[in-house]
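Enquirer: Mind having a look at this structure? Questions to follow.
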């Protein structure tokens, strides 16, 4: 997806870009400082998120463990883009000399990190959606259904899956089937999460009225669950906005690579990378502002 070798050999130090030199449209150059600034902000924010959850025992619950997984994925995509930007700059200015083979391997590592982050983000968001669904609709059985051990197994499974999928997607990126598989995974998970949230928000009020009369039921717990669902719906919305251009780029790359309009859209790949990094910056802000609401 990204072409580190192309950027370095052409002396383009305005950030990583896609290897699409045939586009008749001018590429939108973005300065190195923009990538590095966003990467640093995202890294610090997500470290604070993970640290806050680790230190606050009240947050040692499945939902926040899944949020930690999402924060790690956000850190990974920011680190990969920042690291690649620095590498491009060093190679272009002759501060770092590598063989073509080494550059290609390094490029694959960066791209794999982005794919791993993507799959981990999608799976973590889905895990949180399922957790909120169980919390709201199976409140009395939640502690039994979502145990700490089960939560840990889910997170381990998520990262095992994404660690395996990421390199495969990059090694076989020229295969149309691989790109279609990645896009299909994205759309399927979005559809599933949207269905869960739609069902939650449409049925939650009626469900609450039915169980509110049960002995020992506390309305505050339900409000907290709904608050968590709203927060994660916001995270999902930001994820869609920030990652959708990247996936549209992939779709156009295999469906109409020679079309003028498609080529023009794909020539702005740097901007789509910036949007992806913005997602990593915005997520911790959502955690912070939503946690302050009563």
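Glycine is no exception: its Cβ is also placed from the backbone N, Cα and C atoms.
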Enquirer: State whether, in Swiss-Prot, residue 261 is on the same side of the membrane as residue 64.
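Expert: No, opposite sides.
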Enquirer: Ranges 179-203, 204-228: which does Swiss-Prot label transmembrane segment?
Expert: 179-203
Enquirer: Using a cut-off of under 8 Å between C-beta atoms, tell me which stretch among 107-130, 148-171, 179-203, 232-257, 266-289 contacts the transmembrane segment (30-53) the most.
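Expert: Against the transmembrane segment (30-53), the leading stretch is 266-289.
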Enquirer: Residues sitting near the transmembrane segment (179-203): Cβ under 8 Å, six or more positions beyond its termini, same chain?
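Expert: Sequence-remote neighbours of the transmembrane segment (179-203) are 115, 118-119, 122-123, 125-126, 129-130, 132-133, 136-137, 169, 173, 229, 232-233, 236, 240, 243, 247, 250-251, 253-254.
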Enquirer: Mind checking which residues of the chain, 6+ beyond the ends of the topological domain 'Cytoplasmic' (54-65), have their Cβ under 8 Å from one of its Cβ atoms?
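Expert: Cβ under 8 Å, 6 or more out: 128, 131-132, 135, 146, 148, 151-152, 155, 228.
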